[in-house]
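Report on the structure given below.
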């Protein structure tokens, strides 16, 4: 089975990737594609809160590079796990691009984090996770944020 | 932390871009059109007289030359930071880079304030409210920027399709004005000689220059195209075409709309007023009350679209500076669900709100102050300086980082652009020295942010901190 693991650069998305790996059976999964989506017209097209990339010099801010760095961090969760790991940075509307990525690789599962818990997530409908669930071509695993804020702990082996 | 791609099975990230040349073109046209002519036409007409289309033509020309420099630089450095990036590449002076970034931020904030006040004029025109009531107009302007900020917080303005639709709505309003102009010409409402009339007694050149600085505001916004440079497919081909094409389109529309407006209504009526006056001339075979509401709504959509993009640009600048540890890191905070920089957005709305409140207080003390005019002038002062420096940066960076694909702007035109920007800048400051106080105030705010960062982190100078990102991790 080919699994699409989405990251938005948040700690929650890293925790979700780790959760998915704990739940899933590595023997059943042949390939994993880690996807990040850059939204060109957004105020912040991609916000990478995971450790990783440093700007080479001031003003060299690159949202594509930030997204690639986040994909690298999340992909590292699956190091030595078994399945072949692919990395993709796409551009456009996050939910639509995650679904397109799943369609392109013929994914059997999409794994992502739901944005957050609490009032804002309830009121502001149309979060990426909700939209992906709504029109995904395959089952969707939505990892809920844990009660304690996830720290950037080293991924389990 | 294993951030390197260690696993043999893993391949490098593959990047996909999404913005086509056509979408970029609509982005430029939409962004440029909303800012100026809807808000400022009356002020430009008042400054120049019947020939005010010449001011728009001159403003368009100066801005388009600057656009050439942007097109060249974007094809060399397709990254999001725009002017700050180019100035940093060309001069390598952190202080200058910081200064230009603060100028850009200030220009955006003043522009949003001016757009908010312009929005109120159309709103007042549609609901039949007096524009002279200071407190109600202030409250509507504040509500406007609050709504724009909430839309950006939620992120519903990010759709590429929506952007194209809004651009068509903006264009439709201006086409309507052109149709009215043609009807006026055919019916012989005014003598076409009005198009060559100058108000005031001074020389014609001075009259045009006095309108140019405001007309220039109408062209601003094109530099936001650099924001999506990274996401543009085949940027070295798409960018020059979309950017210059968009600016020429907007410029042609501006000149035609000014001609139409001057033909349809007497300049005295237009002076200091909005395009609603052209609708009020009642030349269309549709009840004027209906048209006033329709056109008012179109104008409000146009202004909102530009304000949305400007607020996005402004929060992105703050986010970028926070990422480089030039301003406090709190500005890099993004909302966990919406992924929008909420601290930067809220800070922006506070600053713009303060500008509007200060304007209202000055009006209440009895001074004659046109908030739209003043804030537009401040924006233009900042931008003329930035644009001139960007052209200099473009010339300085000749010969470096060039590929066979790099677009190359005409050198004589670029020199002309520097002169054009500086002439308008000098005249604007000479004409309205009071705007310097506002400029200084906004710059001081930038310095305060910088000092706040220095105090909170201790000792690090800007040159050293730039190699670090995201201190939160």
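The backbone N, Cα and C atoms fix where each Cβ goes, glycine too.
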TrEMBL annotation of transmembrane segment - which of the ranges B:320-341, B:342-363 it falls on | B:342-363
Count, for each of B:52-74, B:95-122, B:134-155, B:243-267, B:290-313, the Cβ pairs lying under 8 Å from the transmembrane segment (B:409-430), and report the range with the highest count.
-> B:52-74
Relative to the transmembrane segment (B:24-46), which of B:95-122, B:205-222, B:436-452 accounts for the most Cβ pairs at distances under 8 Å?
-> B:205-222
Taking the transmembrane segment (B:162-185) as the first stretch and the transmembrane segment (B:342-363) as the second, find out whether 3 or more Cβ pairs fall under 8 Å, excluding pairs closer than 6 in sequence.
-> no
Can you name the far-off residues of the same chain, 6+ from the ends of the transmembrane segment (B:290-313), with a Cβ under 8 Å from a Cβ of it?
-> 30-31, 33-35, 38-39, 108, 111-112, 115-116, 118-119, 122-123, 125-126, 144-145, 148-149, 151-152, 157, 163, 166-167, 169-170, 172-173, 176, 221, 224, 227, 274-276, 279-280, 284, 345, 348
Contact set, same chain, for the transmembrane segment (B:205-222): CB under 8 Å, 6 or more residues outside the stretch | 28, 31-32, 34-37, 39-40, 43-44, 47-49, 51-52, 54-56, 58-60, 62-64, 67, 70, 107, 111, 114, 198-199, 243, 246-247, 250-251, 254, 306, 309-310, 373, 376-377, 379-380, 383-384, 423-424, 427-428, 431
For the transmembrane segment (B:375-397), name the stretch out of B:95-122, B:134-155, B:243-267, B:342-363, B:436-452 with the most CB-CB pairs under 8 Å.
-> B:95-122
